[in-house]
Amino acid sequence: MNENLFTSFSTPTILNQPATIPIILFPTLLILTSKHPTNNRLATIQQNLTQLTLKQMMTTHNAKGQTWSLMLMSLITFIAMTNLLGLLPHSFTPTTQLSMNLAMAIPLWAGTVVLGLRSKTKNSLAHLLPQGTPTPLIPMLVVIETISLLIQPMALAVRLTANITAGHLLMHLTGNAMLALSTTNFSMTLLTSMLLALLTILEIAVALIQAYVFTLLISLYLYNNT
């Protein structure tokens, strides 16, 4: 275990050079691509999961919104794989970095907003003022709705960062406690190891759910602007 609680969140280096880009590209090697007419079971499961996820996100979209389907599937696959990458020993989770999550959230959010202003200008601007608002409250509500619109990408990035970081910290603390108890109390060590195994299963679920939530919210922003 690392002595520093936050060492696992620091950017790793190889020969004193940042290794972020190779680590981010590594999950793409885990995506199966079949060169045979008949897929094996694992490739078939992968395709079925992809089609099911795509159907869940694209059902309510019109033809213009469905043109984003490839980008959204690439996004959810990338986030899920990088989240799971951090569960491997001596690894690094890129999605624990707020800067990286903002780099994903801001362009995607801005793309949906610009698309809405181009294709549905009146409807997009109408979202800034709820129907039936009393006249004296109009300026204040416009400011509030504008601020809520501008903080959407920050909320996306912070939600993903906080959930992944919190899970990793909890697993780190539980692992340290298990190592400390291993020399003093065998029964408590066994209990702590069981807790760590449950936390690992929970963290796998959180990694997949957070990838889905991030992409689903981008999909909802797209739906409101197409």
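Using the three backbone atoms N, Cα and C, a Cβ is placed for every residue, glycine included.
Here TrEMBL flags 14-32 (among others) as transmembrane segment.
The feature transmembrane segment is assigned by TrEMBL to 67-86 (among others). With a threshold of 8 Å between CB atoms, the same-chain residues lying at least 6 positions outside the transmembrane segment (67-86) that come near it are 23-24, 26-28, 30-31, 50, 53-54, 57-58, 61, 92-96, 104, 108, 160, 164, 168, 204, 206-208, 210-212, 214-215, 218-219, 222.
Positions annotated as transmembrane segment by TrEMBL: 98-117 (among others).
What TrEMBL records for 164-183 (among others) is transmembrane segment.
Taking Cβ pairs closer than 8 Å, the transmembrane segment (195-223) reaches residues 53, 57-58, 60-61, 65, 68, 72, 75-76, 79-80, 83-84, 86-87, 104-105, 108-109, 112-113, 115, 152, 156, 159-160, 163-164, 167-168, 170-171, 174-175, 178 in its own chain, all 6 or more past its ends. The transmembrane segment annotation in TrEMBL covers 195-223 (among others).
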